[in-house]
Every structure is written in C-alpha cells, then in structure tokens.
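Enquirer: Just lifted these from TrEMBL, have a look:
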- 49-67: transmembrane segment (TRANSMEM)
- 73-96: transmembrane segment (TRANSMEM)
- 139-158: transmembrane segment (TRANSMEM)
- 170-189: transmembrane segment (TRANSMEM)
- 201-223: transmembrane segment (TRANSMEM)
- 229-251: transmembrane segment (TRANSMEM)
Amino acid sequence: FLFTTTGEENLLAILKRRWWKYMILGIIDIEANYLVVKAYQYTTLTSVQLLDCFVIPVVILLSWFFLLVRYKAVHFIGIVVCILGMGCMAGADVLVGRQQGAGENKLIGDLLVLGGATLYGISNVCEEYIVRNLSRVEFLGMIGLFGSFFSGIQLAIMEHKELLKVPWDWQIGLLYVGFSACMFGLYSFMPVVIKKTSATAVNLSLLTADLYSLFCGLFLFHYKFSGLYLLSFFTILVGLMLYSSTSTYVAQDPRVYKQFRNPSGPVVDLPATGQMEPSVTYTSLGQETEEEPHVRVA
C-alpha cells in the first residue's frame, strides 16, 4: 500500500520517508472537497445528496482489495438500508420543493459529484490505513501541512477573482470562522472514529448530515418540513445498527497480514496445511489490541 509500518519517528524523518505519499493524499483530499462544493453551482441539492452516496461503494471496494476487509451479508443489508434512507430524504426534498441549485448544467454537476465522491473514498481508505498502522497524529499533521499548502495555491490560481468579489464584513468573517471551526472538528475527530470503526461505517454515519443541516434550515431559512425526513433518519439509523451488529474480518491470517504490511520484517513460518482462521477486526464493539505509535516533534 502507500504507507509502511513504522514505530516512533520525528516529523523530519516522516517527511523524508513519506513526503510524496502525503503530498498525493493531500491533493486528493483537497480536490474531493473542491469538486463536491463546485457541483452545487451546476446541479441541484437532491442530485448532490444522492450521487454523493457513491463514496460508499468506492470505500467498500478499496477496503476489500487494499485493506483485505471482508463483509458479511448483514453488512450489505445495513448498507442498502442506509442508502434507501438517503433516497427517502432526497424524495422528501422533491416533495417539499427544497431543491436549491440552478441545475442548468446538471450533467457537469453530477460528474463533479461522482468525481469528488470517488476521491473522498480514496482519501478515507488511506486515512483508515494510516491511523491503524501509523499514527493519527502523523496523519493530521501531514494532511494539514500539505493540504494547506496546495489549497492555498489552488485558491490563488482558480478562485482569486471570486474572493475579491466577497463583500467582507464581520458577519461574513464570522461565518468563515464558524465553517473553519466545523471542518477542524470534523478532521480532528474523524481519525478517532475511523480507528475504532472503519471508513465504511463513518461514511454511512455521515448520511445523516443532510438531515442535521435540514433541522438548522428549519430555524434559519424556514424550510418546509415533511414526515419523510424523520422516516429517512430512522431508516439510516436502523441500517447503521445492522452494519455495526457484526464485526468484519481480515481475509488472511494475522501473521500473513503483518507480512503484507511490513515485507521487510522477520519471516514467520506458517503451517502448510489447515485452514487459516480469519482475524476479526474493524468493529465499533471491539477492543483495541495495539497502542498507537508515538510521533516525536524533534
């Protein structure tokens, strides 16, 4: 995979060994956010909500092939139930007429959402691998370093004219500060949740975010309310409970998986015959088996 298992390292050693990997990951994460936000200019809110669910199959496939995660039937049932709940929410938007967005170039907007969702999936699976095998401190430090650098460059090149048109005052500044605080909380807590559950579980949980934004809109923008919103919320919760009711597992014996992560490590002799027992992991109900590696600043 992109990253190698390591013990205690300082930040200079991390940059020396893996700077280009974090650079690529930082660009992927930036463009994922940029494409989805840009899509709102071309398509409707309903289309963004529905197509953004494409991140779930992307995460499942990448977890299957790169993290060796294997799912049971109950996991797929839970995923389907969550997506049905999301579809119910989008249907409620149509019924109450809450479809912000001009939708004049709907195809372009839909393609932007699909591209952003794909990049989100790649970013989330890489994040899961890093926080499980390296350190969430390392992930946050490197993604913040390279993300800030390249997002600043992209802002200066592509959005500087739009930035100059903003009628700056204290209210708009406060909104930007509030948005930045929310993103800071999201990026700070997501590695913790991903380590205790999985990237798939986190993305399923994020399906409820649109409903929380609706509740805020009821008070701030006087959106119309529909009982379908509550139905969709409880449907997503049921799907999450189904998904979390059973642990996923790694396809190989744990000793083989460690060799997969660290090819340069010592060779472990395995029995030539007999079926290997899968390693149970990635569940919100499980316990941590290893402490997180420490990262030294100097």
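Backbone N, Cα and C atoms are what each Cβ position is placed from, and that goes for glycine too.
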Enquirer: Output the single range from 139-158, 170-189, 201-223 maximising the number of Cβ pairs under 8 Å to the transmembrane segment (49-67).
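Expert: Per the Cβ under 8 Å count, 201-223.
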Enquirer: Which residues of the chain, 6 or more past the ends of the transmembrane segment (170-189), have a CB below 8 A from one of its CBs?
Expert: 140, 143-144
